[in-house]
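Student: Pulled the feature table from TrEMBL, pasting it below:
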{"type": "TRANSMEM", "residues": "6-28", "note": "transmembrane segment"}
{"type": "TRANSMEM", "residues": "40-60", "note": "transmembrane segment"}
{"type": "TRANSMEM", "residues": "66-84", "note": "transmembrane segment"}
{"type": "TRANSMEM", "residues": "120-144", "note": "transmembrane segment"}
{"type": "BINDING", "residues": "N148, D213", "note": "Mg(2+) binding site"}
{"type": "TRANSMEM", "residues": "156-174", "note": "transmembrane segment"}
{"type": "TRANSMEM", "residues": "180-197", "note": "transmembrane segment"}
{"type": "TRANSMEM", "residues": "209-229", "note": "transmembrane segment"}
{"type": "TRANSMEM", "residues": "241-259", "note": "transmembrane segment"}
{"type": "TRANSMEM", "residues": "290-310", "note": "transmembrane segment"}
{"type": "TRANSMEM", "residues": "316-337", "note": "transmembrane segment"}
Amino acid sequence: MLFSLLVTFFAAGITLFLMRPIAQKIGLVDKPNYRKRHQGAIPLIGGISLFFGNFCFYLMEWEQMRLPTLYLVSIFILLVIGILDDRFDISPFIRAGIQGLLAILMIDMGNIYLDHLGQILGPFQLTLGSIGLMITIFATIAVINAFNMIDGIDGLLGGLSIVSFASIGILLMFDNQMDLAYWSFALIVAILPYFLMNLGIPFGPKFKVFMGDSGSTLIGFTIIWILLLSTQGKGHPMNPITALWIIAIPVIDMIAIIYRRLRKGKSPFRPDRLHIHHLMVRAGLSSRQAFLFITFLSAVCASIGILGELYYVNEWAMFIAFILLFFVYSFSIARAWRLTRWIRRLKRKVKRNRDIKVS
């Protein structure tokens, strides 16, 4: 297993270096605009790196993986569509349609779908029946786009993905589901080369790369794939509500931002600068500080989910707590301008006091 992880890491890392000149040549780069404040044209190759690292792990652990052919075909399609979108900007409706078709493929050929939501409404299992198939399609599209939409500042998508996969892996290890647990940790290893270079570690900003839609959609699909395998069926190692806590920040941010867009009469797919990371940067935090703070919040939420699972907290209580978290988040974001003003005043006051002491 250690050898497989090493090969996964180096395959992902080498892919980044090999793809840099190719990406520059074919225009697979992200250029600054009114929403994107980075410097220069950054290669959008993190998704390609993740795919090849993940693919190498699959080849070496093929016998241990569940439905390997179906999964690899699905993420290859997502990779190709993501690359085309990064290069040519495909309509979000076309992308959502393809994601929905892949969800149908997952249901039909893999028998992977939401059959129940656990005991979120009381001491009984909320079975979905045939409506579970439609909810599975919706959930797949939602999770894919939640991770796609949260990718707005350096390190954030990598940090949240690592938190999610680590949390899933820990719970699966406790349940002795070692195949899925090792895969979850292997995905972290495959993400690490991108994550480090995205943060300018160790080669500096000259070698910075972005994940691109190809990578964020691949991450979202893989997370929903593992969560469905983990929360459904007999003897499932994880309750459905625990899955929500593990991916709480991306999901809640997506729901809140779509609600605000619809309330203003805008398309839910129209990009803006109202995500949690944008608001924190506007409040005066640096990009690095915002990334660390949001990743910490995600780790706290995931830890709540893990502890609730391990200590058998009632699922309905965990569901109520999650709803409360959503309303607290929405309330805070709706009044973000007040927080922004307060933080800026505080920073000016600290700066004045420091200048007085120096003088």
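Note that Cβ sites are derived from N, Cα and C of the backbone, with glycine treated the same way.
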Student: Restricting to the same chain and to residues at least six past its boundaries, which positions have a Cβ under 8 Å from a Cβ of the transmembrane segment (40-60)?
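Tutor: Non-local partners: 3-5, 7-9, 11-13, 15-16, 19-20, 23-24, 28-32, 68, 71-72, 75-76, 79, 82-83, 86, 183, 186-187, 189-191, 193-194, 198, 208-219, 222.
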Student: Counting a contact as 3 or more Cβ pairs under 8 Å, with residues at least 6 apart in sequence, do the transmembrane segment (6-28) and the transmembrane segment (180-197) touch?
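Tutor: With 3 or more qualifying Cβ pairs, these stretches touch.
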Student: Sequence gap of 6 or more, Cβ distance under 8 Å: name the residues on the same chain that satisfy this around N148 (Mg(2+) binding site), in order along the sequence.
Tutor: D213, S216, T217, G220
Student: Who are the long-range neighbours of the transmembrane segment (209-229) in its own chain, taking Cβ under 8 Å and residues 6 or more past its ends?
Tutor: 16, 20, 28, 30, 42-51, 54, 66, 71, 74-75, 78-83, 85-86, 95, 99, 102, 106, 112-114, 136, 139-140, 143-148, 150-151, 157-158, 161, 164-165, 168, 180, 183-184, 187, 191, 194, 197-198, 238, 243, 246-247
Student: Against which stretches of its own chain does the transmembrane segment (156-174) lie, if we need a Cβ under 8 Å and a gap of at least six residues from its ends?
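Tutor: Sequence-distant neighbours of the transmembrane segment (156-174): 147, 150, 180-182, 184-185, 187-188, 191, 194-195, 198-199, 211, 215-216, 219, 223, 226-227, 230, 237-238, 242, 246-247, 249-250, 277, 290-292, 294-295, 298-299, 302-303, 305-306, 309-310.
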Student: Please give me the CB contact count at 10 A for D213 (Mg(2+) binding site), counting all chains in the structure.
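Tutor: Here the count is 26.
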